[in-house]
Amino acid sequence: MARVLVGVKRVIDYAVKIRVKPDKSGVVTDGVKHGLNPFDEIAIEEAVRMKEKKIASEVIAVSCGLQQAQESLRTALAMGVDRGIHVEVPQAQYDTLQPLHVSKILAKVAQDEKVDVIIVGKQAIDDDSNQTAQMTAALLQWPQATFASEVKVEGNEVVVKREIDGGLETIKVKLPAVISADLRLNEPRYATLPNIMKAKKKPIKKITPSDLGVDVSPRMQIVNVEDPPTRQAGSVVPDVDSLLAKLKEKGHI
Amino acid sequence: MILSNILRNSKNIGPKVNGCRLQSTLIIAEHDNEKLATVTRNALTAAKKLGGEVSVLVAGTKIGSVVEEVTKVSGVAKVLKMEGDEFKGFLPEVLAPLVLATQKRISATHVLAGSSAQSKSLLPRVAALLDVSPVTDVIDIKSPDTFVRTIYAGNAILTLKSLDAVKVLTVRSTSFEAAADGGSGTIEDAVPAGGYEKGTGSEWISQELSKTDRPDLASAKIVVSGGRGVKSEENFKMIYDLADKMGAGVGASRAAVDAGFVPNDMQIGQTGKIVAPELYLAIGISGAIQHLAGMKDSKTIAAINKDPDAPIFQVADYGLVADLFKAVPEMIEKIK
């Protein structure tokens, strides 16, 4: 049976309207509602389903970040993950922590824990990078199945349906492999109260990047973070005729 | 006084001289073994902002026509070709080692591709092999090492300076014009035969592409989009009819895709496609943050929604508060 590793990121809740800091160094995160990255919930759900189908023997969740990352790990544990690993990164390094660093951490943990499958979300909704799965696969020299909307494990291979620009594509990858979850892979479950209570007893191991021998020194410098240009307020038109007239005036129809 | 002027001037011209002499950009062409994808032409325009020589790598199972097409695109100095059956399905495990070997051979300082599902799979893999941090979906290039991109679903704009020796970038196609023809690039082999280690581990099986005669979403001048308010797959016919009358591409919100009204490749938003047409007409779409991320750079936005408080009206140039089941048929009838 396969051992599965899932990547978990704590991000600002998807429904929050973010604010840029006045000094343009980043966005305001203090006192802002955070949650599990929605794509990671899907990754966790898929891993837990593998366990329920007896394809996976153990599911381990890893999160890299501040102390608060443990909240996200607890959510993963409440969804059915067996144990957590928190790779603690202090604020000073967290601000410039990149998918490359996270990938190196995931790759090292995957080797140490002897996992066969890594599942992560296709992108984090804060930095919108869409890189971690691909980079982790590269570092391990494993095949990758990105933007998965259907995953079928068949012995030592995984058949994955992928969401691509023109439609869907099916590929087959040999295990061990890295999979990134797209939105339509599954519908994540809600953690029930008894499971949330049980999750409190599940173990979370705390380590640092240096324990793993991973260098997290910055690969980029933030020049600034700004608000996007705002659109001029528009007008409400009374009926279809006026809408069509306006569009005609602008030369659209 | 003179010294300080020299220092100041040398500071100004320094990077430019370096830029011309040392910069070399490798663009990964995207194609279907017949035609070059438009996103690659967008990437070529971005590459011009970097300065330096531009080479384009064309790999595939049958690349003759694409190679010829690329040589004619303005700004292309060299076309680096590699043909082989192993490139079937353009698998990143197979392409990444070739890109890496090609980058090394020409000492490319920048590796670029237009943002697409394919390049988002491939370029981070290449970057990790180079031990550099890639930059996704660049919307502007300030200098050879300073790039602009959006974060938080387009709600903040990050300008960053890359500290890595080789910059690996995907560029957002709606932010750069497509490069036109007018070039005369030379053709050579990407690397000598047997000149790199081939990757394996994955196998391409099949594709189910959505067939459509409508304009491609990414390049359509008008996009008509439907959301949850359209209510069913059958009702979406109305959206297609309106789009056909307007010569438009058809998009959708996540709600419409999740509900099964339309296929996933029509989704517009943070995690779907990003469009910036002349006119975006949102029908029965509330305008969630995640949807706005994919369309708010459209020149004109018009919205039809029966809820006057829908967030879409905060970005719409023209808003019509109406029942779409009345308004859309009326539009279809009245557009000549």
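For all residues, glycine too, the Cβ spot is worked out from N, Cα and C.
Whatever TrEMBL says is automated annotation, not expert-curated.
As written in TrEMBL, here are the features:
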type: BINDING; residues: B:ARG228, B:253-254, B:267-271, B:284-291, B:ASN305; note: FAD binding site
type: DOMAIN; residues: B:25-203; note: domain 'Electron transfer flavoprotein alpha/beta-subunit N-terminal'
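Feature map: TrEMBL annotations on the structure.
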residue	record	DSSP class
B:ARG228	FAD binding site	helix
B:GLN267	FAD binding site	strand
B:ILE285	FAD binding site	coil
B:HIS291	FAD binding site	helix
Taking CB atoms only, which of the binding-site residues B:ARG228, B:GLN270, B:ILE285, B:HIS291 fall under 8 A from chain A?
B:GLN270
Which entry in the list of binding-site residues, B:GLN267, B:GLN270, has its Cβ near the fewest other Cβ atoms, using 10 Å as the limit?
B:GLN270
Identify, among the binding-site residues B:ILE285, B:ALA288, the residue whose Cβ has the fewest other Cβ atoms within 10 Å in this structure.
B:ALA288
Around the Cβ of B:HIS291 (FAD binding site), the count of other Cβ atoms that are within 10 Å:
27
Provide the number of Cβ atoms within 10 Å of the Cβ of B:ARG228 (FAD binding site), excluding the reference atom itself.
16
Express the predicted model's confidence over the domain 'Electron transfer flavoprotein alpha/beta-subunit N-terminal' (B:25-203) as a mean pLDDT, rounded to an integer.
97
